[in-house]
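Student: Per Swiss-Prot, the features are:
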type    : residues                                       : note
BINDING : E49, H57, H59, D107                            : divalent metal cation binding site
BINDING : E221, G222, D223, S224, R225, T226, G227, K228 : ATP binding site
DOMAIN  : 8-116                                          : domain 'CRESS-DNA virus Rep endonuclease'
REGION  : 143-153                                        : region 'Binding to RBR1'
REGION  : 156-176                                        : region 'Oligomerization'
MOTIF   : 15-18                                          : motif 'RCR-1'
MOTIF   : 103-106                                        : motif 'RCR-3'
Amino acid sequence: MPPPKKFRVQAKNYFLTYPQCSLTKDEALSQLQNLETPVNKKFIKICRELHENGEPHLHVLIQFEGKYQCTNNRFFDLVSPTRSAHFHPNIQGAKSSSDVKSYIDKDGDTAEWGEFQIDGRSARGGQQTANDSYAKALNAGDVQSALNILKEEQPKDYVLQNHNIRSNLERIFAKAPEPWVPRFPLSSFTAVPEEMQEWADDYFGSGSAARPDRPLSLIVEGDSRTGKTMWARALGPHNYLSGHLDFNGRVYSNEVEYNVIDDVAPHYLKLKHWKELLGAQKDWQSNCKYGKPVQIKGGIPAIVLCNPGEGSSYKEYLDKEENTGLRNWTLKNAIFITLTAPLYQEGTQAGQEEGH
C-alpha cells in the first residue's frame with residue numbers, strides 16, 4: 001500500500017474557503033495578516049457569505065510576493081477569540097487571482113488589506129478577449145472603475161496605451177455641464193442699452209427654427225462691476241469660457257444656445273477660433289488643449305465681454321492697422337456695445353451684489 005500523499009501547495013496566490021466559520025471578516029483578516037511566512041504577503045481579500053441554511057462561511061484570496069510553499073494543512077487555521085474552536089479551510093493554489101477576486105467580490109461583504117497584484121497569466125490578465133474587457137469597462141459607469149478593470153484584465157493595453165485609453169474614457173463618460181443658475185433675474189437689469197436689448201430680443205425671442213443660420217454675435221466692452229457678466233449669463237443655457245478656451249466635454253456642451261466669452265484676450269482669440277466663435281460657424285474642430293480634435297457643433301452666437309484698455313479691449317485691438325482685415329470681417333458678424341453705465345440701477349439686488 002503506497003504511503004499517503006503528503007500535503008503540499010506551492011503558489012503565489014492562495015484561495016481559502018472556511019465552511020461554517022463564525023468569525024467576522026475583520027477578525028479573520030487580522031489573524032491572517034499576523035501569520036508568519038518566509039514570503040511576504042502582498043494582498044488579502046476576504047468575503048463573508050451565508051449559506052441557504054444561514055450558516056456563515058469565508059472565502060479568502062491571499063497573494064504573496066513570490067511562490068509560497070505550504071506543507072502544513074493546518075497552517076491557515078483560524079481560532080475563535082471567544083470559545084475553544086478552530087476553523088480549518090480548504091486550501092488551493094489560485095491559477096487566476098483575478099477570477100478568485102471577482103468571485104469573492106460578487107456578494108460585496110468584503111474586507112481587504114494591501115494592494116491587489118495583477119497576474120498576467122490569469123484569464124483576466126491576458127487570455128480574456130479584449131472585447132469582453134472593454135465591454136465590461138464601458139458598463140463600469142465611471143472613468144476610474146473602467147480603468148481599474150482594464151488595468152486588471154488588459155494590463156498590456158493599460159501600460160502601453162494608458163494616455164489614449166484615459167482620454168477616450170474621459171470623453172465617453174463625460175457628463176453634460178450642470179446648467180448655470182443665474183443669481184439675478186433679467187428683470188434686475190433695467191438699464192440695458194437699447195441696441196443690446198434688441199440683439200437679445202431678436203435672438204432669444206424666436207424659436208430655434210426661426211433664427212438665422214449664422215446669427216450675429218455681441219461684443220460688450222465696459223468697466224468692471226457694470227453687470228455685463230451677470231446679464232450675459234442670465235439669458236439662457238450657455239457655455240462660459242473665461243480667461244481661455246476649453247472645449248473639454250466636461251465643461252463645454254454642444255447643446256446650448258450661445259457662448260459667453262469673458263476676459264479672453266483678443267490676441268489669444270485671434271490665434272485660436274475668432275471666426276468660428278464670433279461667426280457662429282458650424283461643424284468645426286478644435287484641439288486647443290493639444291489633445292485629440294474636438295468636434296464643435298457651432299451655429300450659435302457668442303457674447304464677448306471685455307474691459308477697456310490695451311490688451312483687453314477688442315475695439316482697440318481691431319483698430320490696429322495689422323488687424324484691418326479682421327476688423328472688417330468682425331463688423332459684418334458682430335455688434336459692438338460700449339457701456340457707459342451699469343446695466344442695473346443702484347439699490348436693486350443686482351446693484352448691491354454685482355461683483356464683476
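Every residue gets a Cβ built from N, Cα and C, even glycine.
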Student: Count, for each of the binding-site residues H57, H59, R225, K228, the other C-beta atoms lying within 10 angstroms of its own C-beta, and report the residue with the smallest count.
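Tutor: Across H57, H59, R225, K228, these binding-site residues, the one with fewest Cβ atoms within 10 Å is R225.
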Student: Based on Cα distances to G227 (ATP binding site), point out the closest of the binding-site residues E49, H57, H59, D107.
Tutor: D107
Student: Between K228 (ATP binding site) and D107 (divalent metal cation binding site), how far is it from one CA atom to the other, in Å?
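Tutor: So the Cα of D107 (divalent metal cation binding site) lies 55 Å away from that of K228 (ATP binding site).
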Student: Select the closest residue to E221 (ATP binding site) from the following binding-site residues, measuring between CA atoms: E49, H59, D107.
Tutor: D107
Student: Counting only residues 6 or more past its boundaries, what in the same chain has a CB within less than 8 Å of a CB in the motif 'RCR-1' (15-18)?
Tutor: 28, 57-62, 76, 78, 87-94, 100
Student: Looking only at E49, D107, E221, D223, which of these binding-site residues has the biggest number of Cβ atoms within 10 Å around its Cβ?
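Tutor: Counting Cβ neighbours within 10 Å, the top one is E221.
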Student: Mind telling me which of the binding-site residues S224, T226 has the densest Cβ neighbourhood, counting other Cβ atoms within 10 Å?
Tutor: T226
Student: Could you tally the C-beta atoms, other than its own, that fall within 10 angstroms of the C-beta of G222 (ATP binding site)?
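Tutor: So the Cβ neighbour count for G222 (ATP binding site) comes to 20.
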Student: Please report the Cα separation of R225 (ATP binding site) and E49 (divalent metal cation binding site) in Å, rounded to an integer.
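Tutor: Pair distance, Cα basis, whole Å: 63 Å.
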Student: Measuring Cα to Cα, how many Å separate H59 (divalent metal cation binding site) from S224 (ATP binding site)?
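Tutor: Their Cα atoms are separated by 65 Å.
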Student: Relative to the Cβ position of G227 (ATP binding site), how many further Cβ atoms are located within 10 Å?
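Tutor: Result for G227 (ATP binding site): 25 other Cβ atoms within 10 Å.
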